[in-house]
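Here is the structure we will look at.
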Amino acid sequence: MGRLTVRNLLAHKRRVAGLVIAVLLGTAFLSGALILSDTVKSSITGLIRDNGAGTDVVVRNATDVTDRPGTDRAAIPAGTADLVRKVPGVASASPVVVGYGQLVDTDGEMITGNGPRIAGNWIDDPALNPYRLTEGRAPQAADEIVVDRASAKQGGLEPGDRITVLTPEPVPVTVVGIATFGEADAFGGASYTAFDLAGALQHVARDPGLISSVSVRLAPGADQEAAAAAIQQVLPPGVQAVPGSAATQEQVDAVSDGFLAIFRTFLTVFAVIALVVAAFSINHTFSVVTAQRMREGALLRALGASRRQIRSQALGEAALIGVTASVLGLLAGAGLAAGLKAMFAAFGFAFPVEGLQFRTETALIVLPVGIVVTLVSALIPAVKASRVPPVAALRDAAVESAGVPVRRTATGAVLIAAGVVATVLADGFLLLGLGAAATVAGVLVVAPAVVRVLGSALTAPFARFGAGPMLARGNVLRSPRRTVGAATAMVVGIAVVTVFAVFAASLKSGAEGETRDTLVGGLTLGDSSSAGWAGGGHSPELTAKAAEVPGVATAVGLQRGNLLAFGSSRDIMAADTARLGTVLDLGVEDGSVEALGTGSIAVSDTAADDHALKVGSRVPVTYPDGTKAELTVAGVYDRTTLVGDYLIDRQAWAPHSVADLDALTVLALAAGAQADQVKAAVEKVAEAYGNPPVRDRDGYVDASLAMVDQFVTIVYVLLALALLIALGGIANTLSLAAHERRRELGLLRAVGAERGQVRASLRWESAFVAALGALTGLVLGAFLAWSAVGVLAGSGDQQVPVTVPAVQLAVLFAAGTLGGLLAGTRPAARAAKMDILRAVSVE
């Protein structure tokens, strides 16, 4: 039986190739996702370890209000370094100042990038400084800087250039040196601007008497933990000493458990989708093959083969295909990882990676998954093959019953009914997921019973276009099970894309509507999306100057921050709440935002529901500098797009904040002011601050949704692989069908049909099958997306309108149908070239 298994595979190379490709694409996606995520993790964590490699002890503020990478702790007294130097065993203690520093080139334009804009002080001890000068010298005056080589290349900077650094106030400086981070041009996507210590304290630190931390190098042979404990004894309250290795590991863990974990999960989800679609394609192909080889199985039974041997033979073929495809997919994953890396870079998400990281764990995941998916997909067809009685050897090889069992139709109807009820009544994503699974299963089970009605209506308009479409229509309607089996992968793939398309369009529509309702000010200054990098933004001084522009009635700056509340880190927004209502309408439901003082806080209705808060409730908080307070809830609001879930007054936040930066400024125009003239005047003021964008409300809404559109495009690209697998399944099925119907096709040629007509009939059949699958997937996906949006709106107390992107879905349907037409081109051409006499002589 083993030799027969191998012989069968070698005798049907095209069929095997189709199956191998389906499994290969799914496993290649999984392999590529794991390789790329491992590569990104290795590169980023390697950069972090290199950054702290020479630091034996870190002295820092003891309070950490967020584990988000790149977010600085509050400052400590500058005299801390002198205290540390006196501890026995300390060889060097360098004050470290870290803050915001946006480089502006000689043309007055910001030098932007894919990471935080960091400024600080140049550390003279090479062991504590991961940067290495490649040109020029270290800064020696308060207006001299060293910049990273990546920023220098991007901005065309050279030693001697006179430029500006926004810290956030504009500081005229001279570039005196260019440095690399080890061998790399930069620390990931971050820019680096280094003053001397005096310059950093003057321009970067919030207060000249405060520094960010102290980096300590110990004498040779000293123990980090013992030294940290000794240093702790001389430190003031609120300051801690941590072994350098522990501090580095904290950063590695924060990145690994945060961004890297999300990124890996994101890619893996699409790999799983591709594998699921591949599984449906493999299952149907094995089902068709089993039906075609019914006589072969019956002959083996007649010769004495047991059911177990027949089943083992079928599963043996699947196992060999799974092993071969999984190995090839594992290898192809490296190429796919490189392609994914290039795709993310093209969309502006370049990763600081060189080469690709292949780990043994990747092979231990990909190979078993690929083999198991193939075996599971082939299990039901293998069981059916083992049940073929010996007498079937006397019958035709692949006769499909025209009818559909009533029991199957009833089962499908029950599943659909249960799934619809569950999805409609779902108040959480668990019940929604179960309902969706039942609905999809029910649709696939009941589909053969309704495909004739749906297929007849869909294909009827094309029957008048000649013999090709007419023959194709007859073939599609004659074999409903085969048609449904061929279209199943397409149904699943299109349904997934539709769910995402409708869901994303609904979220975007809801966010757009809420942003427009919230933003009552006429203009915005700054870019709140990019300001998320390490507390980036612009100077409050710019906000004040914008307020003085003729035609501006009010200018309110919004500051981002973090504090501890309810046991975890909370993102907050700080603003001059007394004037906030003139530029933003937060939809206050209870209390007042304008009444906020230094001891109060406003919360969203979602946060109020989550933590049982109301006006007058007390909220214990810890600020970044370690200060603890109890804030009274003064207001509850509905609209969170611009301010998030927690809002406090700027006066309450200012003494505790890490950086004094406005993420966004909203301006209200005076009565009668011309918006275009005011906008031009504000832009003129902003020139000295690197030209941050000035937008009207429509412009701000479009800019805020641009990243959503970018993300949606990335997802469409990733989902395209699933549709490619589905189209491959249709092509494989059509090829098998042509082989099965070679006598029929030969008779058509014998009675006068031209090759072009035979070729056209098979191409049209492929297009009809793809169209049926696409249409079913669109309807199914739209229903599931509608349910998902309802659950989201119910869980978040948000008004999220269900938005159907009709143009995108029409394009998706057309692409699926056209893809089916193209997928059928090669099988159709091969069938049309079939020898007439050999074809009609097939039994």
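Including glycine, each Cβ sits where the backbone N, Cα and C put it.
Some features that TrEMBL has for this protein:
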- 16-36: transmembrane segment (TRANSMEM)
- 266-286: transmembrane segment (TRANSMEM)
- 269-390: domain 'ABC3 transporter permease C-terminal' (DOMAIN)
- 318-351: transmembrane segment (TRANSMEM)
- 363-383: transmembrane segment (TRANSMEM)
- 413-434: transmembrane segment (TRANSMEM)
- 440-463: transmembrane segment (TRANSMEM)
- 484-507: transmembrane segment (TRANSMEM)
- 714-738: transmembrane segment (TRANSMEM)
- 717-835: domain 'ABC3 transporter permease C-terminal' (DOMAIN)
- 767-786: transmembrane segment (TRANSMEM)
- 806-824: transmembrane segment (TRANSMEM)
Residue counts in helix (H, G, I), strand (E, B) and coil for the domain 'ABC3 transporter permease C-terminal' (269-390), per DSSP? 101 helix, 0 strand, 21 coil
When you look at the transmembrane segment (484-507) alongside the transmembrane segment (806-824), do they share 3+ Cβ pairs under 8 Å, ignoring any pair fewer than 6 residues apart in sequence? yes
Under an 8 Å Cβ to Cβ limit, what residues of the same chain, 6 or more beyond the ends of the transmembrane segment (440-463), are close to it? 404, 408-409, 411-419, 469-470, 472-473, 476-477, 480-481, 483-484, 487-488, 491-492, 495, 764, 768, 771-772, 775-776, 780
Using a cut-off of under 8 Å between C-beta atoms, tell me which stretch among 16-36, 266-286, 484-507, 714-738 contacts the transmembrane segment (767-786) the most. 484-507
When only pairs 6 or more apart in sequence are counted, do the transmembrane segment (363-383) and the transmembrane segment (266-286) reach 3 or more Cβ pairs under 8 Å? yes
Answer with yes or no whether the transmembrane segment (714-738) touches the transmembrane segment (16-36) by the criterion of at least three Cβ pairs under 8 A, sequence separation 6 or more. yes
Cβ under 8 Å, sequence separation of at least 6 from the ends of the transmembrane segment (266-286): give me the contacting residues as numbers and ranges. 15, 18-19, 22-23, 25-27, 29-30, 32-34, 36-37, 314, 318, 340, 369, 373-374, 376-378, 380-382, 485-486, 488-489, 492-493, 496, 715, 718-719, 721-723, 725-726, 728-729, 732-733, 736
Kindly state the mean pLDDT of the domain 'ABC3 transporter permease C-terminal' (269-390) in the predicted structure. 81
